[in-house]
Amino acid sequence: MSQTRYFFTSESVSEGHPDKVADQISDAVLDDFLRQDSSSRVACETFVTTGQVIVGGEVTTKGIVDIQTIARKVVTEIGYTKSEYMFEANSCGVLSALHSQSPDINRGVDRKEEIADEFDRVGAGDQGMMFGYACTETPVLMPAAIQFAQHLMKKLAEIRKEGKIMTYLRPDAKSQVTLEYENEVVKRVDAVVVSTQHDPEPEGVSEAAWQEVIKNDIIENVIKVVIPADLIDENTKFHINPTGRFVIGGPHGDTGLTGRKIIVDTYGGAAPHGGGAFSGKDPSKVDRSAAYAARHVAKNIVAAGLADKCTVQVSYAIGVARPVSIYINTHDTAKHGLNDAQIQEKAELIFDLRPAAIIKRFSLNKPEGWCYQQTAAYGHFGRDIFPWEKTEKVGELKSALNLA
């Protein structure tokens, strides 16, 4: 095999990033609707800016949700609790513009009872294609760059909320990790970027000196804690708040909208994306549920040792339960003499990708031990609390391919 060397980069953002504030509010609203009425149809979008939250969208439900209370609770949990942030939980305006879902859409999703198979009664909420991916780069079968980027943001938030060190931290932050690969294997971390919102420099301390304190703290307490030491060398570059001062941030610094961080939510650019966002959508929307199912298929294929990498694409027509197409690609990493067609044939028999089957398999309309708000920061994949991360189909796949 010829030597192949390349660099690959993924980014993440904190729970206090404006777009993620919006995602979390949308999913918290969804959670409350589903708690009251598990058959709720929800498409909830949130807009956040200086001192203002606007929640809009379409809903069909028997539930009654207090948008004001939910939005303020989410903003409080994130940490926007000081007036100097210019976006504060108790004082920001909250406007609700939710209204009824179009009956034209609903008639295609909820089919007639006389259809014999219960899983054929629920059509896809829209057309589109969704992707799932898994690889052997990390124990959770996720690409390494996005995992490191997510964990940097989680660690930074953990430190901020504990309040024991780095007490100058504010909620908004971003990370980016560049890895060097050789023969498809991660060899080292080439660069790490962390930009974090912070308090102004203390009186008598220069901006340059303050930024040096922040840089050293981030490197020692965040980067070196998250990233394995054997991947960092003397040539690894650390870019900490590279533009300097980052005091103004959050929704006051940038407007936030639901659904603008779809690559952060998934695989960090290591796999294709169908374009549909997740947050604020109930599981009848295949943008969300089918993407979770596609990840489940890909992860089980890799966990079964059938391949080192796997991409799954599934597509739907609105109102039609069965997928229009299914495509599986193992990127020339299939094992045991298998090819993609053989793997796909068995996968299609084992994994039912009709929306109602997906919803039932993962209890997506009645989450147990998790909630949608949890998915809205730090990634929807690679986290064991979510049911689509289970690898319970490994034995069935192996048996079907005579590998058990």
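From the backbone N, Cα and C atoms, a Cβ is placed for every residue, glycine too.
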Check your understanding: Per Swiss-Prot, what member of GLU58, GLU207, GLU212 joins GLN101, ASP254, LYS285 in binding L-methionine at one site?
Key -> GLU58
Exercise for review: Return the member of GLU45, ALA173, ARG245 nearest to LYS285 (L-methionine binding site) in space, with distance defined Cα to Cα and candidates limited to these binding-site residues.
Suggested key: GLU45
**Study point:** Max pairwise CA distance, angstrom, over record-listed ATP binders HIS17, ASP172, ALA173, LYS174, ARG245, PHE246, ASP254, ARG260, LYS261, ALA277, LYS281
**Key:** 36
**Study point:** C-alpha spacing of LYS261 (ATP binding site) relative to ASP19 (Mg(2+) binding site), in angstrom
**Key:** 7
**Study point:** ALA173 (ATP binding site) and GLU58 (L-methionine binding site), Cα-Cα, nearest whole angstrom
**Key:** 31
Exercise for review: Give the sequence-ordered list of residues that share a chain with HIS17 (ATP binding site), lie 6 or more positions from it, and have CB atoms under 8 Å from its CB.
Suggested key: ASP172, ALA173, LYS174, GLY250, GLY256, LYS261
Practice item. Compile a sequence-ordered list of residues in the same chain as ASP254 (ATP binding site), six or more apart from it, whose Cβ lies below 8 A from its Cβ; state 'none' when nothing qualifies. Key: PRO18
Point to revise | Cα-Cα distance linking LYS281 (ATP binding site) and GLU45 (K(+) binding site), given in Å to the nearest integer | key: 9
